[in-house]
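Novice: Here TrEMBL flags 41-62, 69-90, 138-163, 175-203, 223-247, 278-297, 317-338, 350-370 as transmembrane segment. Residues or ranges marked as domain 'Kazal-like' in TrEMBL: 388-443.
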């Protein structure tokens, strides 16, 4: 029982490391200028290390000291977690365009006519060889960390489960495994809540004083302390790893346990299972839904942030407190229905089909529940008819660089990429802190023929009333889809020969990894990238996306 407790703790903290990355992905994109395709590849890269080794590990399962192997794997996972946070400590502070001169830079991003050189050291132009090398180092470190995370995670689940199953009594084994299974479902929810908590802190809270931070967490340039969660999660994994080095190789069995081991010839079993139509069809169905879940888990937070103008922290809160518990409820309900109505295989498959069909019905309106792209001058919007050619000339004498990014919302409720592009000459600052109150004397915004004013931050997309229906429907769709989780497993376990069970489940997970969990986030990320309308440029390469076409983003 102590082993089960330790294993539950270890699985939870291992899931914290891998799940936390998904919760902070949009923040890491912004901090290091990554496209969603790159960040999707990063998020699924741990599956690579995992897949390469899982077959060998399952095969050598009974021949090694399992607890020690689990402990060593956990040490690797914890090392990976610490490595993930390393980029924060090897790179300089986060730089963003400022309207108020600070200790970092004495230039501001206001309109300064006749000072052509005033922009010289703005973030976009600081492209030294060091900066581009730094960026490659960051990506290299993170990809290595993800590969280690996958490799370290390999022995944890199979060895833990087989160890428990070998030495628990037949009566208690399902209970223990049920406990572990529920932990693996709760884990990602906890990870998103951890993300929600950490991203409220400013990324460089260890490098700059609070007084110097001019951003609030509502600001589109805000980057939260993404690295902090990795330190927390990795420390937890390291702690959970300790007891494993003290468990025996074999335990005295609980009463009533019969030992049954089967070894069979690998290729024969593989072909026998893959030729089985029920097995193959169910696994392919699971591949489809898993690819969707993998892509959604990675980018749902980013989607909510962009569609409904939420902070990263709130988006994670919604996913961790609403969507993931919803999926748990669905899994439990599905299992309960199975148990209550002793279902035949045909009924199991009918139940899966029904769950999916209802899920599609509920999810269909989600295509239309979202916000239009905000009007951004010169990006999604150019109103030349009303203003004549005034729009184009109004900021010519400001010498704005293309890279400037500090969105403001004009009093005409049109968004401008920076105060300079709106032709704003003056800024008023909050007395006690250095945060901006508003911009005035903006030549591109006219109020009754006079230069207008603007507020810092993006214009809201103005459809917050659709947010609640979206959350309710997406949660319902998740509940309905996950009712088919347990019956689909039953279809697999009951349709194959008993001695092939553990092997068939191993093959199933390998196929899920290769065909769903690896490509899923990359495909989703690439699809999201195709809807970008303005890319940030860093050293002449496309970095992170500034603005998406919200409607296309939602539909794709």
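Cβ atoms are placed via backbone N, Cα and C, with glycine included.
On a predicted model such as this, the values are computed, not experimentally measured, just so you know.
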Novice: Can you work out whether the transmembrane segment (317-338) touches the transmembrane segment (175-203), with the criterion being 3+ CB pairs under 8 Å where the paired residues are 6 or more apart along the chain?
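Specialist: Contact criterion met.
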Novice: What are the DSSP helix/strand/coil residue counts across the domain 'Kazal-like' (388-443)?
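Specialist: In the domain 'Kazal-like' (388-443), the DSSP-based counts are 7 helix, 19 strand, 30 coil.
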Novice: For the transmembrane segment (175-203), which recorded stretch in the set 69-90, 138-163, 223-247 gives the largest number of Cβ pairs separated by under 8 Å?
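Specialist: Comparing 69-90, 138-163, 223-247 against the transmembrane segment (175-203), the winner is 223-247.
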Novice: Could you please provide the mean pLDDT value for the domain 'Kazal-like' (388-443)?
Specialist: 77
